[in-house]
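Visitor: Sharing the features that Swiss-Prot gives for it:
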- R71, G76, A77, V78, F79, K134: ATP binding site (BINDING)
- K134: (R)-lipoate binding site (BINDING)
- 29-216: domain 'BPL/LPL catalytic' (DOMAIN)
Amino acid sequence: MSRLRLLLSDSHDPLFNLAVEECIFRQMDPNQRVLFLWRNANTVVIGRAQNPWKECNTRRMEEDGVTLARRSSGGGAVFHDLGNSCFTFMAGKPEYDKSVSTAIVLDALTRLGVEAFASGRNDLLVATPDGERKVSGSAYRETHDRGFHHGTLLLDADLGRLANYLNPDPKKLAAKGISSVRSRVANLCELLPGIDHPQVSEALQEAFFSHYGERVQPEHISPEQMPDLPGFAETFARQRSWEWNFGHAPAFSHQLDERFGWGGVELHFDVEKGVIGRAQIFSDSLDPAPLDALAARLPGTAYRADALYDLLRQWRSEFAAREAELEELSRWLLAALR
């Protein structure tokens with residue numbers, strides 16, 4: 001058996017690619033050195049300990065069809081599109097060493113004609129007339145006997161969209177969890193016009209082979225060519241689930257307020273594991289009974305619009321005399337939780 005393994009994904013589905021990565025990592029021979037190359041279409045990828053409602057503009061993401069994906073490693077939130085090239089290096093311990101994989105990526109960039117250097121927060125930077133700019137970010141994961149280093153290279157990413165989706169709505173969130181630190185970034189196409197994913201992929205493969213003094217044939221993976229990985233279907237289902245991508249968020253509090261013609265409303269939610277644990281509703285409405293009833297029903301409900309839709313419809317039906325007012329409040333609340 002070769003000590004190297006090279007896998008290339010033909011899928012742009014981030015949930016598929018992250019599930020493949022997870023299965024390979026769990027099942028790899030610890031004596032092998034693995035390189036997995038992939039790309040994702042429009043996606044915000046958040047770190048394992050992050051709160052998507054705090055990190056992301058979830059409303060704009062839904063409107064624009066942008067996927068949210070939680071990865072198993074730490075670190076901050078990043079936006080992926082097809083202008084990013086993604087890489088994952090895996091190895092067993094004690095050979096796993098992220099400085100080795102970083103050196104391989106730097107060698108690949110040198111082969112392409114870009115002189116980059118490693119910086120403190122897991123980034124690769126280049127010097128430009130405007131100062132140092134980030135062209136690659138990484139995150140890491142280790143278990144008792146293996147580890148991986150994965151990251152992205154910015155080729156021709158839409159940096160404006162990155163800023164749009166990584167800025168949350170002005171919601172009043174008091175959240176626990178890890179916040180992303182924004183960095184000044186640059187695309188490699190600014191330094192190498194015409195650079196594309198196949199060129200970067202080829203350079204990474206050559207640097208990988210050169211470092212280990214061995215070559216292997218790539219294994220191509222796609223949804224049409226499902227990977228022969230035990231447990232993949234279950235891992236893929238988990239990666240796609242709301243419970244993992246949203247429900248795994250750290251505990252946080254959310255405050256919403258709005259003034260309607262019939263009175264002002266202020267809602268306070270405590271949310272844990274994506275479920276409303278406590279709800280308080282304050283109002284100067286002349287008839288607060290419907291709001292008291294709603295506050296009593298909200299605990300135990302998933303913190304998402306589709307889960308609240310049926311609850312709100314049933315609640316309104318019990319206060320038919322105020323149907324128009326409660327419909328107005330329901331529309332506002334559902335829009336706020338998107």
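Every residue gets a Cβ built from N, Cα and C, even glycine.
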Visitor: Just how many other Cβ atoms lie inside 10 Å of the Cβ on V78 (ATP binding site)?
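Guide: Cβ-Cβ neighbours of V78 (ATP binding site) within 10 Å number 26.
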Visitor: How many other Cβ atoms are found within 10 Å of the Cβ atom of F79 (ATP binding site), counting all protein chains shown?
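Guide: F79 (ATP binding site) is surrounded by 24 other Cβ atoms within 10 Å.
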Visitor: Secondary structure at K134 (ATP binding site) (DSSP, helix/strand/coil)?
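Guide: Strand, per DSSP.
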Visitor: Name the residue among the binding-site residues R71, G76, A77, K134 whose Cβ has the smallest number of other Cβ atoms within 10 Å.
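Guide: Relative to the other binding-site residues in R71, G76, A77, K134, K134 has the fewest Cβ atoms within 10 Å.
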Visitor: Using DSSP and collapsing to three states, where does F79 (ATP binding site) fall: helix, strand or coil?
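Guide: The residue in question, F79 (ATP binding site), is strand (DSSP, three-state).
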